[in-house]
Amino acid sequence: MKGAIECGGVGEGMAVRTWIEPVVAGAQVASSFYDTGLLLVVKNYYNRTNSTAPAHVLEDLQQKAVSDFYIIYNLVLGLSPLLTAYGLTKLGDKKNRKITICFPLLGYLVSRSLLLLLILLGWPIEVMYGAAALNGLTGGFTTYWAGVMALGALGSSEHRRSLRLIVIELTYGMAGFLGSIASGHIFVHSHISYRQGTVLVASSIAVYAFCFLYSFFVLKVPTTEGTCPAYTAHSKLKDIDQPDSQLPEDERTAGSSGSCEDKGRGPLAPSKLIIAMLFIGAVLYDLAVVGAMDVLPLFLLKKPLSWGPVEIGYGNAAGYMIFITSFLGVFVFSKYLRDTTMIIIGILSFSVGILIMAFVRRTFLFYVARAIMLFALIPLPTIRSLLSKHVQGSSYGKVFVLLQLSLVITGVATSTAFNKIYQNILDWFSGFCFILSCVAGWGRILPLVPLKKQTNKQTKNTQALEHSWIAFMVRG
């Protein structure tokens, strides 16, 4: 037992330093401040630009101008990581996984500072395109989130990995919830010389600085699977000398806890078919979600809702509540349901909620639609968990960043298409994009049918192989 504890690592203080949650929480609070600040700064900028337009056309001009800004901004932000994300992640896998955390955070810190300078110095809004490019070239969210998921997967056992990754998502969501509630109030009530947004954006920069310093000086990379040679060798010798059933109870159960679980068992051979289907399912999920979520802020700014800064903050906070409900869903469902079944539940939850959103004309209906999306977060972390079970630990970073790049490319194309559609249907039915997203949602379930069958088949084959190996060892 002592050997297992020592292999697991490290003392309690060192184990705490492997937690990625403080970085995730801080970065998401900072991101919530920045997102609210950017949206309202852009809105105010185009209000001033179009101030001479007649009142009855001012709203449409503002909507189209803000939409056009976000089309270009999201394109730059989404495509620029393609140049650096894979290289940074490969370097992180070989040298130090903290590279995929620290480098993007440094990029966030510098690029967010440009928004503060824009507010204080009155720069043109096009400066933010350069900020997006800088953010992307330093890895952006693509590299950062792949690094976060890799550290989360490395620090968890296989059978608890879905829960571990959803806990990280829960931390992300709770931080976003608190940041979003505070952001609207800070924007309205805290500013310098009537330059709205200064305190909000400065606060965002300060929190990013904390996250960078914490990840650089405090954060430790968890022990990788297969890095407990003393315990692994001890286990193999015991297995050869006598069957597991004859071992003392503490030695039989030592491997079931801590970071060295299942170290004596070799990694499963990756199934290319399952990996491909998981990628397809994630991309199709992202296709529907990104399109709807990108036009949602514009939908809230226009009539009949016409939300202001405080309402926008509360609306964003309501969106983050799904992180809590999705965590509870995984916590309960994982005891009784397969991963693929949980993914289907999440897809259906999102599809029904976004369909209701298309017909929202009053504030309370918005919150009804958000409430129905209570399990909408379950699919992506569950897909990442399934992926991690079919690749070796040394490849987590590369696989996760390839998945993230696939999602980014899909998101950029979908965002552009949905924004253009939204502009063209403003005078007809502004909720039409949400109906399109719902229709795409139903199509996302199709790749999961063969995936479920293939996963079941591989599980049975793996179990049969393990039983044969155990029988061989007992007879030997």
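Placement of Cβ uses the backbone N, Cα and C atoms for every residue, glycine included.
Whatever TrEMBL says is automated annotation, not expert-curated.
Beyond the ends of the transmembrane segment (70-89), by six or more residues, the same chain brings 42, 99-100, 103-104, 128-129, 132-133, 135-143, 146-147, 294, 298, 397-398, 400-402, 404-405, 408-409, 411-412, 415-416, 419-420 to within a C-beta distance below 8 angstroms of the stretch. Summarising the annotation, TrEMBL assigns transmembrane segment to 70-89 (among others).
The feature transmembrane segment is assigned by TrEMBL to 101-123 (among others).
Annotated transmembrane segment per TrEMBL: 129-154 (among others), in sequence order. Under 8 Å from some Cβ of the transmembrane segment (129-154) lie the Cβ atoms of residues 18, 20, 23-24, 27, 72-73, 76-81, 83-85, 88-89, 92, 97-101, 103-108, 110-112, 114-115, 161, 164-165, 168, 221-225, 384-385, 388, 393, 396-397, 400-401, 403-405, 408, all in the same chain and six or more residues away from its ends.
Sequence annotations record features per position, and here TrEMBL assigns transmembrane segment to 166-187 (among others).
Residues 17-18, 20, 22-23, 26-27, 29-31, 33-34, 36-37, 98, 101-102, 105-106, 108-109, 112-113, 115-116, 119, 183, 186-187, 190-192 of the same chain lie 6 or more positions beyond the ends of the transmembrane segment (199-219) yet place their CB under 8 Å from a CB of it. What TrEMBL lists as transmembrane segment is 199-219 (among others).
The region 'Disordered' annotation in TrEMBL covers 240-265.
Positions annotated as transmembrane segment by TrEMBL: 273-300 (among others).
Per TrEMBL, transmembrane segment is recorded for 312-333 (among others). Cβ atoms under 8 Å from those of the transmembrane segment (312-333) belong to residues 32, 35-36, 39-40, 162-163, 166-167, 169-170, 172-174, 176-178, 180-185, 187, 297, 300-301, 341-342, 345-346, 366-367, 370, 373-378, 381-382 of the same chain, restricted to positions at least 6 beyond its ends.
Sequence-distant contacts of the transmembrane segment (340-360) (same chain, six or more residues past either end, CB-CB distance under 8 Å): 162, 281, 285, 288-289, 292, 296, 299, 305, 326, 329-330, 333-334, 366, 368-379, 382-383, 431-435, 437-438, 441-442, 444-445, 448, 451-452, 455. Marked as transmembrane segment by TrEMBL: 340-360 (among others).
Long-range Cβ contacts of the transmembrane segment (366-387) within its own chain (Cβ-Cβ under 8 Å, at least 6 residues beyond either end) map to 149, 153, 161-162, 165-166, 168-169, 173, 274-275, 278, 281-282, 285-286, 289, 300, 305, 315, 318-319, 321-323, 325-326, 329-330, 333, 339, 342-343, 345-347, 349-350, 352-354, 356-357, 360, 399-400, 403, 455. Residues annotated as transmembrane segment in TrEMBL: 366-387 (among others).
Cβ atoms under 8 Å from those of the transmembrane segment (399-422) belong to residues 67-68, 70-71, 74-75, 78-79, 81-82, 85-86, 89, 100, 141-143, 145-147, 149-150, 153, 275, 279, 282-283, 286-287, 290-292, 294-295, 298-299, 383-384, 387-388, 391, 430, 432-433, 436-437 of the same chain, restricted to positions at least 6 beyond its ends. Here TrEMBL flags 399-422 (among others) as transmembrane segment.
Per TrEMBL, the feature transmembrane segment maps to 428-451 (among others).
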Who are the chain neighbours of the transmembrane segment (166-187) in space, where the CB to CB distance is under 8 Å and they lie at least 6 residues beyond its ends?
20-21, 24-33, 35-37, 40, 148-149, 152, 196-197, 199-200, 203, 308-317, 319-324, 326-327, 330-331, 377-378, 381-382
